[in-house]
Each structure stands twice: as C-alpha cells, then as structure tokens.
Amino acid sequence: MAVNLKGRSFLTLKDFTPAEIRYLLDLSHDLKAKKRAGILGDSLKGKNVVLLFEKTSTRTRCAFECGAAEEGAHVTFLTNSQMGKKESIEDTAKVLGRMYDGIEFRGFKQSTVEELAKHAGVPVWNGLTDADHPTQILADFLTIEEHAHKPLSEIKLVFTGDTRNNMSYALMYGAAKMGMHFVALGPDSLKPDEDILKEMQEYSKETGATIEFSSNVDEAVKGADVIYTDIWVSMGEDESLYPERVKLLTPYKVTREMMNKTGNKNTLFMHCLPSFHDEDTEVCKDMMDRLGLDIREVEDEVFRSKNSVVFDEAENRMHTIKAVMVATAGK
C-alpha cells in the first residue's frame, strides 16, 4: 500500500506505522545518495519553514536549515517568540500557520509541540522535547542500517545510562515499531516508567520486538549490535543532584570493557551528542574542578574508536530531517 504523509505532523514515532517509518528511512537513503551525487531537489521550492527554539542546538538547527535550503525552502529561525508568555500557544500556532508551510519546535514540554500541531494547520515537526526526540531516532536507524548490514528487526540495541530520559524513551518507541530487541540498561532507581514499558511491550506483540529493562551489564550487553548512551546531567538541573546521579550511573559508563563484553567485535557505539568524553569542555572541567565529579558517560577511547559512528549519526540528522520535511510538506 502506498504511503502518503502529506500534511502530517511528526511529533512522535508512536503516531507512525512500521510501514510509514520504513518509508521515511527509504526516502532518507535516497535523498542522501542524491546529495552525495550532487543532485539537490526542489520539493520545498516556494515554501516557508520556521524553526521555533526554546532550547539551543547545533545539530537540529543545522539539519533543518541545510535540509530545507537544499530542497528550496526559505527558513526563519526564532528564539525570542512570546509564545506561552504574552501570546498563547494556540494563537502563536495559528499565526505561524498562516505564514509558514511547516513549523519545527525544539523545547521543553511535549504538550507544547502537540498544541502547536493541533492549531497550526500545517505540519509541525518535533526537534526535541523533554519526553521525546523522534528525528534523532530516524537518524540513528539510518546509521544502523548503513553500518550493521542487516535488517532493523535483527538488531539488538542497548541504551545504557539514565533510562528514564527522552532518548531512552524515543529509542524504545522506534525499536518497538520496527521489531527490534531493545534493552534499557541502568540502575533500578532510574528504571523507565512502568506504563511506558507496558505500552511498548503491547506494540511489540504486533511487530515481534523485544523491549526490556536490565540493571545487569554483563547480561544486557551480550550479543549487542549497538551500545548507545547519552549525557548523565543536564545543565539547569539542581547541582545538588549531580553527585548521587554520577554515583548511580558510573557502573553504566561505556568503556572498552563494556564493548568487549558484547562478544561482537563489530558492535557500534552511538550517541546523540553532545558528549562528555574528554576534558575539553568548560562544563566537564568545571564539574571536575569544582565538584570533583567525573561526568564522562563514555571513555574517550571508545568515542574515538572505529566502532564509533557518532558523526555519521550527526550527518544523518540532516538527511532524515530533510526526508520528514519533504514527505510531509513537499510538493
């Protein structure tokens, strides 16, 4: 059956069927190949796209701007909107929907991007919220397909760290939809929400996926095709929480030893970035000097190893985001 996503918003992979996700991945592969061959499209020619950011970003902004421009769109970047302050989300959505053909939102609440989509009248794309990160997952799956050389349904992906965060949940949603084996690996005190686990396990009955939580590193990583992690602390959080968080998560740091425990020399290391993997950032140095905390979630050796595909992931943000825009707002 043909897939038609015209006019659809892209808020979470939970809204999409496996066939629709497959369509977006296939389109991403195609657009990337054309880009490499110097062939740019015009699917968004004459279209206007607005990027609405509450949270800063390097990859998301660049991916949307480059992807839209390469398909012929004009892009506006907004960081100083009065949305939710002097103007309601509903009113902002209606105004932007009159001027733009697509709206990207990167911010805090999932309810905000959902409210925008409800009232805008044009496709709204989730560039990240505290609850989800669907565009990142498309890039991750594209990268896995490029490097693992087998179907997603045969992939075992282990996310290690704080398994309650948006990346863990977003990967879980995608894995459940695409029939993958997903393991959330971390301390029991940072276990995913039980309701979300049950919801994903229900999806899995239809797709053949396996979704599970483990606190045992040796058992969880055995046979893994992918080890994935994310930063442990987010700026803006209460610093008094950091020592306990780091203590809890240090056993789940991605090390060469952990990679070796997979028993698979080709296990991929993945990370959505930014990463604390060395001491070459002000934040990492500050945490070390001022609080005596090593917040590095991955060893530098692993981050820079041949198993690491983190910069392929970063590039693939553009190709997959371009695919989402073309599929939903293109001509």
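Cβ atoms here come from the backbone N, Cα and C positions, even for glycine.
Per Swiss-Prot, carbamoyl phosphate is bound by Ser57, Thr58, Arg59, Thr60, Gln82, His133, Pro134, Thr135, Gln136, Cys272, Leu273, Arg317; the candidate from Arg22, Arg106, Arg164, Arg245 named for the same site is Arg106. With a cut-off of 8 Å between CB atoms and residues at least 6 apart in sequence, the same chain places Leu273, Ala314, Arg317 near Arg59 (carbamoyl phosphate binding site), listed in sequence order. When the Cα atoms are compared, Thr135 (carbamoyl phosphate binding site) and Asp230 (L-ornithine binding site) turn out to be 16 Å apart.
Taking CA atoms as the reference points, Cys272 (carbamoyl phosphate binding site) and Ser234 (L-ornithine binding site) are 14 Å apart. Long-range Cβ neighbours of His133 (carbamoyl phosphate binding site) (same chain, at least 6 residues apart, Cβ-Cβ under 8 Å): Asn126, Asn166, Met167, Ala170, Cys272. For the binding-site residues listed here (Thr135, Ser234), the lowest count of other CB atoms within 10 A around the CB belongs to Ser234. Between the CA atoms of Ser57 (carbamoyl phosphate binding site) and Ser234 (L-ornithine binding site) there is a gap of 13 Å. When Cβ neighbours within 10 Å are tallied across all protein chains shown, the highest count among the binding-site residues Ser57, Gln82, Asn166 belongs to Asn166.
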